[in-house]
Every structure is written in C-alpha cells, then in structure tokens.
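Listed features, source TrEMBL:
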- Asp180: active site, nucleophile (ACT_SITE)
- Tyr318: active site, proton donor (ACT_SITE)
- His378: active site, proton acceptor (ACT_SITE)
- 5-114: domain 'Epoxide hydrolase N-terminal' (DOMAIN)
Amino acid sequence: MSVESPFIISIPQESLSLLQQKLRLASFPDELDDAGWDYGAPLTDIRRLVARWSNGYDWRYHEAQLNTELPQFTRDIDVGGHGALNVHYVHKKSDAEYAIPLLFVHGWPGSFFEARKLLPLLTRGSPDHPSFHVVAISLPGFGFSEAPRKKGFNLDQYAEVCNKLMLSLGYNEYVTQGGDWGFIITRRMAHLYGPKYVKAWHTNFPGGTPPSLLGQPLSFLTMLFHFLFPSFNPQMQAGFDKTQKFMQSGSGYNAIQSTKPQTLGYSMADSPVGLLAWIYEKLVVCADGYAWDDDEVLTWISIYWFSRAGPTAAARIYYEVGGGNTQKLGELMGTPEYTASIPHGISRFPGEVAILPKSWAKSNRKVVFDREHERGGHFAAYERPVEVCGDLREMFGRGGPAFGVVKGRDGYNS
C-alpha cells in the first residue's frame, strides 16, 4: 500500500518573483467601445485584476490560510498502463466516529479549492444530522497532483485513481459528490465501482440522456409533445434555450481544449494574464451572479499558475476523454451505456450552464433525491455551499433515501 505524506503548499520565492516580472511586462489588447462581455472578459476587469495581482495581492497570506484550513497530503497511486502518479488531496475528518466517507471531485476550471467552503459544513459532527469524512482530490494534472506522462489517460483512468485513493485511505465503502468533470468521473465510478465500493453518488451538474421510445415510451412521447408545442411547458423550453445558447456562444473553450490543448497551452504556461482572462471569464459567466472578490479570483487562478505540472496539463482532460473530438465530448453528458444502479442524488441550480429535463437524468440512473434551488450556478459547491451541504445531509440522513448505505457509518454523533 502506498504511503501518505503530509503536504504543505510552499511556492518557491523565485516562482513568485517570475510571476511579478511577467505581470509588470504585460501587454493588453485593444477593445471595442461598449463591448461589455460580448467578446469575452472585459479589458477593465482584467486590468484591475492584473494590477491587484502585481501590487497588493499577497500570495503568502492566502497560501498560509489554505495550509491552515485544509489538511493536505500526497500519495502514489498506481494506474494501469501509466505507472505511479503522485496525487495531492485534502483529507478532512469529522469528529463523528461513524462519519460517512465522501469523495469530492472537482472539474475544470476548478480544483480542490472548490471544496473549501463545504469542508467545515460537511465535517461538523452533530446528533441532528450526518457528517462526513471528506476527501477532496486534485485530479491528475490539476493543482498539486502529478500529471500523466503518456497519451490515453481517459475517463477510466481518472475513475481508477479516485477509487484507489479512497481504498488506500481505508474507505472500502464511500459516497461521492461532484460537478462538471466531477459529475462525469463520479458517474463512471458509479458504473465501474458501484455497488461494491461506491455506495451512492450526488451531483450538482445533472446531465442526462433523452428517453427512448422503447425504454420510456411515456417520457418519450411527453418530450416529443413539448418539442412540438413548447408553450405548454415554458420552464422546459427555457432550459433548452439556455443550454443551446451556451453551446452556441459559451463553449468555445471546450472546442479548443478538446482538439488542440497544446497550442492553447503555450499561452497559458507563459502568460499569467492570458491564463487569468481564460479562466476568469468562465468564473463569471458560469456562476449565478456570484460576487467574486478580486483576491478570491486571484487565489483560484494562482493555484493553476503554480500548479505542479502547469496549467496546460489540466486542459488535456478534454482531449483525452473526448478523443480529440468535440462532438464525442458533448455526448458524455448523456452516455446511456454508463448505467448506475446505486442511489443517485441531484441538486439543481438555475444558473447552471446546461439545464435538461428531469426525466433525462432518470433514464439510466436510480435517482432517489432531486432538489431544485432558487439561486446558484455551475460552481455550486463554492457559490452555495450551505444548500449543497443541506442536500447531502438530507439525502444521507435519517429518513433520507440513502440513509445507511455505507455499512456501520450513519454519520451521526450519538
């Protein structure tokens, strides 16, 4: 079994000095009058953030906060066909003896940082609600995890790393939570490792598959009716419209990263301003009006800039999983062959980038919990941690549909 090593974030001073030098030498593009957000991240926003990053933002302060708040570790994980990868993760335990082991899986452009606000909520022991031992992994190539060195590190490999990490920590039964890539990876884990190891899974990014005429005739006919007569279900139509708008005007990053990530990578690796603009746009556009603090944004971006393998490595997940095909990558939201018989929970947020009918999520999954919220977007764990925590407590709590799924661990402080 691999050995766990404590990890402290400690960026070399020469790396900080180089960042400052690059920021001082930054060049900015021009911008059309009244461009707003139509063409991408506004020049005024990027100038302001760069000014703060180069004069006033204190990485050492935020680095110390992360080290204080988040118990971090690394461990070597053997991956079939790819050798051992040194994986970084946060492992914060509850004081409840029988807390439920939960794996949190982030996406792009996220990192372990997305779990920061959830951790103190989920790990809080109580006789009134379940608590969790939370493991927030840095996926290979993200944050402070080692990146794959060979081609072909696909969805099964990400799932393998996550499962082996939990088993190495002694969690032979556990549950998962994730959004964005976290949804796609944990769904694959549910298919591959449930119900033996993965006992239930929860997501805030509910992809789905359209119902088929043979498999779900009633749902199929209902869907067909609403397509033909959209005025009968304006809420469903609004969801389709929002999804289509995002695919048409907000998914350019997907096309680039799933086809030519290396070409983009030179800009991200060499220009902190380029990296900032590339990710900042997604933070703002994909959130639901969340009031991003400048230092909050800069810490988020700095984790990418200072990441172990550099920011290009994280973007390659789009190419590897999609096989260099944008269309195939889009189909992963459905992927009907990835069935999952274990209990599945969904938290729906109105600011999500893709909003699909509820029936689509039920076509190949055992949905036992489905909750709609009034506010929140793509980064729900960070934007609305109280709501996500509340849903997990309800799903796994006494009287909940997934209570007791992990043998001997109900999560309560008796």
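Positions of Cβ are set from backbone N, Cα and C atoms, glycine also.
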To which of the active-site residues Tyr318, His378 does the lowest count of other Cβ atoms within 10 Å belong? Tyr318
Arithmetic mean of per-residue pLDDT over the domain 'Epoxide hydrolase N-terminal' (5-114): 97
Within the domain 'Epoxide hydrolase N-terminal' (5-114), how many residues are helix, strand or coil going by DSSP? 38 helix, 27 strand, 45 coil
